[in-house]
Amino acid sequence: MKAAGILTLIGCLVTGAESKIYTRCKLAKIFSRAGLDNYWGFSLGNWICMAYYESGYNTTAQTVLDDGSIDYGIFQINSFAWCRRGKLKENNHCHVACSALITDDLTDAIICARKIVKETQGMNYWQGWKKHCEGRDLSEWKKGCEVS
């Protein structure tokens, strides 16, 4: 686990992109405006909690996995299945370049995350969500934020 954290840090440094780390309430507003609250039955708290445990709200987070694939961005979306890194064996189900998932504009990341939830029938794709968010009271995640 420590190695994954170091690789994430290295990935952030290598990208050359300026990292943006959102606040919980700013993400709550963005996610709410994007229609994530209760998308496929998952409350806004689920999305905020998941993003925290996947990336620490860091838009440029990257984690290199043992199989050589890379998880990208605020939702840590994997290059093998969901985005295009330039390799021929990648599936690219979201029809998006992986580089589009590590920008401060979260539009492509949100569209892809919605697709993942829809196609995989839930949020089990994200290990951070399964370990820290699933089945818990997540009302605290949007507490104090100006969202309905």
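The backbone N, Cα and C atoms fix where each Cβ goes, glycine too.
The structure displayed is predicted, hence computed values, not measured ones.
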Disulfide partner of CYS145 per Swiss-Prot: which of CYS12, CYS25? CYS25
Between CYS12, CYS49, work out which one Swiss-Prot annotates as bonded to CYS133 by a disulfide. CYS49
In Swiss-Prot, CYS94 is disulphide-linked to which residue out of CYS12, CYS112? CYS112
What is the three-state DSSP composition of the domain 'C-type lysozyme' (20-148), stated as helix, strand and coil residue counts? 51 helix, 14 strand, 64 coil
Work out how many Å separate CYS25 (disulfide bond) and CYS83 (disulfide bond) at their Cα atoms, rounded off. 27
Spatially, and counting Cα to Cα, which of the recorded positions is closest to CYS145 (disulfide bond)? Options: ASN58, CYS94, CYS98, CYS112. ASN58
Cα of CYS49 (disulfide bond) to Cα of ASN58 (N-linked glycosylation site): how many Å, rounded? 13
